[in-house]
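Quick look at what Swiss-Prot lists:
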| type | residues | note |
| --- | --- | --- |
| ACT_SITE | D96 | active site, proton acceptor |
| BINDING | D96, G97, R101, N170, E171, D200, T211, A212, Y213, A214, F215, S216 | NAD(+) binding site |
Amino acid sequence: MSGGSSGTQQREREILLVAHPGRAEITETARRVGKIFERAGIGLRVLVDEVDSTRIEPMDGMAADEFLVPGLEVTIVQAGPDAALGCEMVLVLGGDGTFLRAAELAQAASIPVLGINLGRIGFLAETEAEHLDEALAQVVRREYRIEHRMTLDVLVRVDDEIIERGWALNEASIENRSRLGVLEVVLEVDGRPVSAFGCDGVLISTPTGSTAYAFSAGGPVVWPELEALLVVPSNAHALFARPLVTSPNSLIAVETVAGSHDGLVFCDGRRTLELPAGARVEVVRGKEPVRWIRLDSAPFADRMVRKFELPVTGWRGRKP
């Protein structure tokens, strides 16, 4: 069947494509991906910009008519928890925002995700657009490995009653709902109080998220091979409100002081949890990781230098 159809016969291998919408070069790249997989006998599902409100937040996918190519067989699917079921992987064309949207679908189906950066920094992507053909050839030959990245499980309690649940790959950002005044919180680690302070918010991050919002807030960069939890206060009014790195098995709790402002918890900037004044946020290592496709063994330091364009002129160390 031609592009835009939803009745394509199931193939032995099938891949879900999630692409950033609205840019002609990405649409053209997506069609190129479809043709390569078609020649390799790999089925392609294409996410369209519909929403399944039962699980997945609104997700900008390609419009169905953007992918119409005569002779190219694709299956059009809507965003939802079942969008990637039965697929070998989720392939992402775009930047970090598109990757985080795709990670929701990949995690729901317990399959890996591969990012091709067509955005700006694209820290979460495995490779760049100029290496697309080589990356797809490795996928066709199954020449990739899967790396598990830790996630966060997040819940909100009011008087011991759980009122909200969520998860994050990068970070859970606890923020003041009001832009007036500060959010008064008490930080707890492993059942013990650590510090109380007024702040704009508190970030709890994974190593993967240490190069994202937590980095902008002054947190350390943590190598992804290291499992840990990061706690980064944002604009805290306190002598001791430094970033903390805890055990991956720690329970991090942030209690909002009764009578303070209401807050919100943003999970990866995509999923929002309500945080009434006097409520408690608890964050632990997630039960379900995000499975990450790796195509090479390049050191994380090289990726960091390249993505952040760090100056290394004058280095005289040993070349690999």
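Positions of Cβ are set from backbone N, Cα and C atoms, glycine also.
Here the structure is a predicted model, which means the values were calculated and not measured.
The structure, with features from Swiss-Prot marked on it.
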| residue | record | Cβ within 10 Å |
| --- | --- | --- |
| D96 | active site, proton acceptor | 22 |
| R101 | NAD(+) binding site | 24 |
| E171 | NAD(+) binding site | 27 |
| T211 | NAD(+) binding site | 24 |
| Y213 | NAD(+) binding site | 20 |
| F215 | NAD(+) binding site | 19 |
Whole-number Å distance separating the Cα atoms of F215 (NAD(+) binding site) and D96 (active site, proton acceptor) is 15
Do any of E171, T211, Y213 (binding-site residues) have a CA within 10 A of D96 (active site, proton acceptor), and if so which? none
